[in-house]
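Copied over from Swiss-Prot, here are the features:
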ACT_SITE  CYS124  active site, nucleophile
BINDING   CYS52, CYS55, CYS101, CYS104  Zn(2+) binding site
DOMAIN    13-135  domain 'MsrB'
Amino acid sequence: MSENRMPKITKTNEEWRAALTPEQYRVTREHGTERPFTGPFLDNKRHGTYKCVCCGRALFRSDTKFDSGCGWPSYFAPVDPDAIAEYVDRSHLMVRTEIRCADCDAHLGHVFPDGPPPTGLRYCLNGTAMTFEED
């Protein structure tokens, strides 16, 4: 877990608010969650790279995306393990592993140990926290 890691990109709340939509700010800066089956990219089948909406860091490739049925875009591996920082999340009377962008500390979603091979992991992302760059 990355409890004491410092983000590489820091901005004030006002700077983040100016750069993001209200929903992007709520999800990424206030650790919000979009409603299931409502976010962008859930049904995206194009080939490309999913990037952090806050800083543009490459996070996931389309070839690691799978339909988990949970209502959020899901991936079995990041493009680079160093792209994601993991934190213990004890909110909502649960213990989960939160994932954030390693460069700007944006809340992305959570990772669960119930994914497909080869990793057995399910990175469950808020689509609002990402952009998509087609190949």
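Positions of Cβ are set from backbone N, Cα and C atoms, glycine also.
As the structure is a computational prediction, the values presented were derived from the model and not from experiment.
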Determine, from DSSP, whether CYS52 (Zn(2+) binding site) sits in helix, strand or coil.
strand
All-chain count of other Cβ atoms within 10 Å of CYS52 (Zn(2+) binding site):
24
Considering every residue in the domain 'MsrB' (13-135), what is the mean pLDDT value?
96
So which of the binding-site residues is most packed in, judged by how many other Cβ atoms lie within 10 Å of its Cβ, out of CYS101, CYS104?
CYS101
When a 10 Å sphere is centred on the Cβ of the residue listed as 'active site, nucleophile', how many other Cβ atoms does it contain?
23
Pairwise CA distance, CYS104 (Zn(2+) binding site) versus the residue listed as 'active site, nucleophile', rounded so that it is a whole Å:
19
Cα-Cα distance linking CYS52 (Zn(2+) binding site) and CYS124 (active site, nucleophile), given in Å to the nearest integer:
14
So for CYS55 (Zn(2+) binding site), how many other CB atoms are inside 10 Å of its CB?
18
